[in-house]
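Novice: Quick one: this structure, given as structure tokens, is what I'll be asking you about.
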Amino acid sequence: MLFSGGQYSPVGRPEEVLLIYKIFLVIICFHVILVTSLKENGNSSLLSPSAESSLVSLIPYSNGTPDAASEVLSTLNKTEKSKITIVKTFNASGVKSQRNICNLSSLCNDSVFFRGEIVFQHDEDHNVTQNQDTANGTFAGVLSLSELKRSELNKTLQTLSETYFIVCATAEAQSTVNCTFTVKLNETMNVCAMMVTFQTVQIRPMEQCCCSPRTPCPSSPEELEKLQCELQDPIVCLADQPHGPPLSSSSKPVVPQATIISHVASDFSLAEPLDHALMTPSTPSLTQESNLPSPQPTIPLASSPATDLPVQSVVVSSLPQTDLSHTLSPVQSSIPSPTTPAPSVPTELVTISTPPGETVVNTSTVSDLEAQVSQMEKALSLGSLEPNLAGEMVNRVSKLLHSPPALLAPLAQRLLKVVDAIGLQLNFSSTTISLTSPSLALAVIRVNASNFNTTTFAAQDPTNLQVSLETPPPENSIGAITLPSSLMNNLPANDVELASRIQFNFFETPALFQDPSLENLTLISYVISSSVTNMTIKNLTRNVTVALKHINPSPDDLTVKCVFWDLGRNGGKGGWSSDGCSVKDKRMNETICTCSHLTSFGILLDLSRTSLPPSQMMALTFITYIGCGLSSIFLSVTLVTYIAFEKIRRDYPSKILIQLCAALLLLNLIFLLDSWIALYNTRGFCIAVAVFLHYFLLVSFTWMGLEAFHMYLALVKVFNTYIRKYILKFCIVGWGIPAVVVSIVLTISPDNYGIGSYGKFPNGTPDDFCWINSNVVFYITVVGYFCVIFLLNVSMFIVVLVQLCRIKKKKQLGAQRKTSIQDLRSIAGLTFLLGITWGFAFFAWGPVNVTFMYLFAIFNTLQGFFIFIFYCAAKENVRKQWRRYLCCGKLRLAENSDWSKTATNGLKKQTVNQGVSSSSNSLQSSCNSTNSTTLLVNSDCSVHASGNGNASTERNGVSFSVQNGDVCLHDLTGKQHMFSDKEDSCNGKSRIALRRTSKRGSLHFIEQM
């Protein structure tokens, strides 16, 4: 018609040419639409219903082939039935979209990845070939599968992708094959067509994403295994144009998490069971069962053998497995077999690898981790947990432990509770069960609380985590915990029945134990924990022993701390605490701890201070032992002198000095014996030595404080204080209070004392010492106790200095030089008598710590020697006693020579001496026949107005003394009063009480005592 129309019309008319052109365009458009429709019909025909065949895999076009992502492979045997189960479906995390074209190069910088997981579950009528391995009693194979089908699967994945990762495991008890695969699509693949194919057959990938522009793409199966998609806008293809360009969604669509079970016929399987445990994700929230329409494939691979594309490496390994995980590391569990009590079914891992590339960064988000943790919590809330599901959860937690710490921190406490709940709700029939994964190991033991024996849990080989319940633990353990047999002795009666199982956990990575409050401390070990049926176990009579290897070797000169994870710290977020734990032994690669409770344990390295080098430690050790030895000798001489010569120990200060010297002597002797006793490593003996060392240290501190208290009475109270049985009460306080403190510590737990290592000598020998093991006990009963005494003594020391300054103002100019020397001697004597040198310990840190440690070691270990110098050798009355009874010849002093001289010249030379003597730091009286060690009035025959040896040192005060029955009273105006007393007033029990009634120095006798 068109042609004939042309006969009757002028050929060159423009209207006709335009009409012809339009008609031609319409025809071309119809042809394009027709071709597109035919292609869509072809794809639909592939998915037409059929009861005799099933979909098991997808075949995309290879590079350079037209779009065939919707074509399906394999016509399957009609007689064999199987179930294809999509165990888990994750929310699709897609890629940035382009609106013009749909190939991968426009969407991603490299490739798109799809991850899927399927379970082949055979029906009862399916013949399963089982090969019994008589050597080890395990099943060497579950399914007898042909190499042809394996080749078909390999070819399918190779055609679909540049590289892929697949791992399958067999479970004998369930007669299933579980496979997880990850495919890296070719760059020329049509993404939308691939998505349409997945949606049509109702199978979604577990994950769907592309490489992040900031990170390189995986290029090997190992990297594909660790791939986690970065959350981006998902791919959204137009509904009416499934092959058209994808659209970018502003928000991620919510894809329901479901388990889709499809009953189809299949004769496809793997040639061999695969040696890798696959982790089946947690219990799904929705289960859907449907019959898939069977497609009519255009390329039936089952009809002819297919040749595998060349691959570069195949990794095959075998290990007894039944747990499911899509990680490369082996996972162990125990699932009973129908024919054997606890079979261990070997599996085989097949890895098709390509040239290795760069590592992919974990790109999960908090919402992803939150969803996975919530799923596990929901499954645990249902009650009893079967071993296979427990193994899956352990593997899931193990995988989450490698998430970025910043993302994992908000969920750390919940994950710890999930791990505890797994062991608490685990249902098993045997006595013990253990579940291991690459980063987490869990073991549960059934126990009888009334008959509990010592139990040990150990973990081995961090690269292939294994557990052991042998006692003692294996030598190659990276972490072990030993529970004493007395663990449950103190449980309440209603808790004994509940204590039916003990759970052990081992964390290969400390991701769940991040403490932001740590400043100069860092975790250097693995983490191990133990619990008894989710009960609180503390204040044990015998401590738990924990041995942990260091992740990296630590130098011997660094300080470590044994700590446990306290859930209540940092506002409920958890944190490390050392309460109840102490270091028992430290080596370069391992630390052994003892703790009085059960929880999660670890080792912290103290970076705040660096310990001294071994050579410095050796020098300080020698100084300490030499100083203690010298002090012991001279303290003994001081004690013998004051005990042997009755005339120099009649006053109260001398008696107080005797008690202090006795305490210091016993302290030094026990300290010298301590290291030698520690070599025998006898627990009871070592505890006894530590107890006595603690006791005599507190006694020494207490008597130093009593010296200061006596000075307070002499200076402040003066005449107005009288204390009956003065020394007896001092003895009760000085020896009794330390005994009460030590008794309380022993009552709480004898294990607060024990052997500990305090460094090493240059030859590597450990410096073991019997001392306090608990930091809490040490800081309260030693540091706190000493701080109180030290503050009292420093205050008293300042008061004495003030008094010396007042006295010096009243001195005549000619005598100042002499009194200045006496003042210095008095100050030095008080410094050692009151233990002021112990204050060097407060400065033994920072850049000057070495200097002050040497000062501390020298002055404190020689405290006994300095007491001998200032309170024996420097005292004139003591030297006279030595000359009278110990010397001979010209050095010997006549027994009554000093008494006659004093009687003749005493009245002529009496002057008020307001200086402080070098031996007693007190005012000297000219009536000093024996020159005793009173603190402020230095007179052997001094009458103490209050019965305590007190005398006034004020401007109008009065000092007095007794000489051979005569009492000499001196006021500061130089007047002298004499009276007779028939009783010996030099015995410290004067019957005269005096009271100052005016500032002029007048005295009144108020009563006789």
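These residue numbers are counts, starting from 1, taken along the chain as shown.
Cβ atoms here come from the backbone N, Cα and C positions, even for glycine.
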Novice: Please state whether Swiss-Prot assigns ASN849 and TYR885 to the same topological domain (same side of the membrane).
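Specialist: The record shows them split across the membrane, with topological domain names that differ.
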Novice: Could you identify, going by Swiss-Prot, the member of CYS562, CYS628 that forms a disulphide bond with CYS593?
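Specialist: Between CYS593 and one of CYS562, CYS628, Swiss-Prot records a disulfide, namely with CYS562.
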Novice: From ASN63, ASN77, ASN931, name the one Swiss-Prot lists as N-linked glycosylation site.
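Specialist: Among ASN63, ASN77, ASN931, the residue Swiss-Prot annotates as N-linked glycosylation site is ASN77.
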Novice: Can you tell which of CYS686, CYS731, CYS787, CYS805 is bonded to CYS770 by a disulfide, based on Swiss-Prot?
Specialist: CYS686
Novice: Could you check Swiss-Prot and say which of ASN589, ASN763 is marked as N-linked glycosylation site?
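Specialist: Swiss-Prot records N-linked glycosylation site at ASN589.
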Novice: By the record in Swiss-Prot, which of ASN539, ASN950 is the one labelled N-linked glycosylation site?
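Specialist: Swiss-Prot annotates N-linked glycosylation site at ASN539; the rest carry no such entry.
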Novice: With a Cβ cut-off under 8 Å, give me the same-chain residues at least six positions beyond the ends of the topological domain 'Extracellular' (680-683) that come close to it.
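Specialist: Contacts with the topological domain 'Extracellular' (680-683): 754-755, 768.
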Novice: Please count the residues of the topological domain 'Cytoplasmic' (641-655) that DSSP assigns to helix (H, G, I), strand (E, B) and coil.
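Specialist: Helix, strand and coil residues of the topological domain 'Cytoplasmic' (641-655) number 11 helix, 0 strand, 4 coil.
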Novice: Which of ASN520, ASN849 has the fewest nearby Cβ atoms, counting only those within 10 Å, among these glycosylation sites?
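Specialist: The glycosylation sites ASN520, ASN849 were compared, and ASN520 has the fewest Cβ atoms within 10 Å.
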Novice: Under 8 Å Cβ-Cβ from ASN860 (3beta-hydroxyandrost-5-en-17-one binding site), six or more apart in the same chain: what's there?
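Specialist: Residues satisfying the criterion: GLY627, THR837, TRP838, PHE840.
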Novice: What mean pLDDT score does the domain 'GAIN-B' (453-611) have in the model?
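Specialist: Overall, the domain 'GAIN-B' (453-611) comes to a mean pLDDT of 84.
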Novice: ASN453 (N-linked glycosylation site) has how many other Cβ neighbours within 10 Å of its own Cβ?
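Specialist: So the number of other Cβ atoms within 10 Å of ASN453 (N-linked glycosylation site) is 11.
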Novice: What whole-number Å value do you get for the CA-CA distance of ASN539 (N-linked glycosylation site) and ASN520 (N-linked glycosylation site)?
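Specialist: Roughly 29 Å, rounded to the nearest whole number.
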Novice: Out of ASN427, ASN520, ASN849, the glycosylation sites in the record, which is closest to ASN448 (N-linked glycosylation site) when you go by Cα distance?
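Specialist: The answer is ASN427.
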Novice: I need the nearest neighbour of ASN520 (N-linked glycosylation site) among the glycosylation sites ASN427, ASN453, ASN849, using C-alpha distances.
Specialist: ASN849
Novice: Roughly how many Å separate the Cα of ASN849 (N-linked glycosylation site) from that of ASN453 (N-linked glycosylation site), to the nearest whole number?
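Specialist: Distance (Cα to Cα, whole Å): 47 Å.
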